[in-house]
Amino acid sequence: MGPNSVFRLAIFTISCYVSGALAAFGYTSSGGNYIVDAGSSNPLVFSVSQSSCDINSIKFRGTELQYGSQGSHIGSGLGTATVSINQISGSSKYIKISCVTSTLTHYMIVREGDSIIYMATYITAQPSIGELRFIARLLPDKLPNEYPYGSVSNTNGASSAVEGSDVYLVNGQTRSKFYSSTRFIDEDSHCVYGGSDVINVCIITPQQESSSGGPFFRDIDSNNAGASTNLYNYMNSGHAQTEAYRTGLHGPYLMQFSRSGVPNLKGADVSWVGELGLTGYVAASGRGTVSGTASGVPSGMQGVVHWYNSAAQYWAKTSSNGAFTSPLMKPGTYTMVLYQTEFKIASTSVSVSAGRTTTANIASTYSSTRKSLFKIGEYDGQPTGFRNADKIQRMHPSDTRMSSWSSTYTVGSSALSDFPMAVFQSVNSPVTIKFTLASAPGAATLRIATTLAFAGSRPQTTVNGWAGAAPSAPSKIDSRGVTRGTYRGYGEVYDLSIPAGKLVAGSNTITISSLSGSSGDTFLSPSFIFDCVELFT
């Protein structure tokens, strides 16, 4: 090979390297699609349908990641939308894609140099396409793995369905996309990943102000379903729904592509989004905050302050001395709630004004002035410590790794883990509690705090054979919960007044059964989850 040929080969090699490493920021139109190049050092190029708003190709570092048979989109796809694109110059260069229907505008944004698709979704009504979610459908051979919970939501290779079309048996273990969920208040990033040169694709949601459910709500995050590996941002859904859907702008949220580890929420910068004219966006200057001190949260429990109204929701954890400051909030009047972990102990209201910090303290109003004869668990809004509570978020209650649901609990000798976290009408009803009293206490109260009920289930109690009054049915939640890894609902608390003479000196027995007008088989029978059981005078 002559020197000129060597020179031309060298130039060609360098030019190929540069074009792969330093891509050109911009977009083109081809074949009914907008093709967007992020101009990032780790090249990200994706394609969006000009008729449906579906993402139908995603190439990161030259590797195609998008599932071919279905796109990545809002809901199960908008079907048709008015799709437009423009390039904007501000503090940086941006490309903004807008997809408009009669009740929804979905934005996809690229900032020059970022391997990130920034998104926001504005709605005036819950979309007719169903749940308000973004779903990225990706190739399982490229991105087979899930983070942070691993294989619990990987249903690839399922041998049979355990329940409905969303809980399966894989290699002898129960798996479901629902087992990938994290409480809103704990969300950082959730990802799918794979490859020898590991590629992470992650969803990061800096805030869920326009979603519903509050700080402890959880929903599907990821699922290797076999045909595709799916990555989600759920904004509104009917899964264990406890409040009305909110409208307005959901986001911004990020789908970030990385080959240098898992990106995190702390590193997400969306301060510039106000430059882009998104419908419903409220800038920091148009918001206010609430600061104060929360008191009365017992030692060892996390204080959480929650603000909500029909338009928005926010939350903050308290420091060790009870101090808190809210996130930046939209102006308005909010209900302000204090929880000890997840158990509600106070509620008040507060008004927020743009550009101002409102001082508002909050103190527990939950009375502890009583003589406790026994207490099983703590009032923390969770089934913490009870049997199988450590497993229920990541597997079905029928899973062979679960301990037996049936047991008799003896006060003073049984471990907390001997008490089942839930009563299932067709599985372990009733639950029996045995205890000894030094003397007859006279009249007493049995308090049963619950976290979630299914099919109208509530506790029916007997005390030494005496049947307590049947409590009223709880507020209905129109979906499965505990079998999908959820323990939180409305959190009903039931107080049973026990007349004098029903409790005796010596041995006593209480049974707690599931009462419901409905029926069902095994773990789909009516059920409720325990938070705490206390007998006091």
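Using the three backbone atoms N, Cα and C, a Cβ is placed for every residue, glycine included.
TrEMBL annotations: computationally assigned, not manually curated.
What you see is a predicted model, and the numbers here were worked out from it, not measured in a lab.
Now, the feature entries from TrEMBL:
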type     : residues      : note
SIGNAL   : 1-23          : signal peptide
DOMAIN   : 25-280        : domain 'Rhamnogalacturonase B N-terminal'
DISULFID : Cys53-Cys99   : disulfide bond
DISULFID : Cys191-Cys202 : disulfide bond
DOMAIN   : 286-359       : domain 'Rhamnogalacturonan lyase'
DOMAIN   : 373-535       : domain 'Rhamnogalacturonan lyase'
If you count Cβ atoms within 10 Å of the Cβ of Cys53 (disulfide bond), leaving out that atom itself, what do you get?
27
Between Cys191 (disulfide bond) and Cys99 (disulfide bond), what C-alpha distance do you get in Å?
25
Can you tell me how many other Cβ atoms are located within 10 Å of the Cβ belonging to Cys191 (disulfide bond)?
22
What counts of helix, strand and coil residues does DSSP assign across the domain 'Rhamnogalacturonan lyase' (286-359)?
1 helix, 45 strand, 28 coil
Model confidence over the domain 'Rhamnogalacturonan lyase' (373-535), averaged pLDDT
97
Around the Cβ of Cys202 (disulfide bond), how many other Cβ atoms lie within 10 Å? Please give the count over every shown protein chain.
24
In Å, rounded, how far does the Cα of Cys99 (disulfide bond) sit from the Cα of Cys202 (disulfide bond)?
22
Distance [Cα-Cα, Å, rounded] between Cys202 (disulfide bond) and Cys53 (disulfide bond)
20
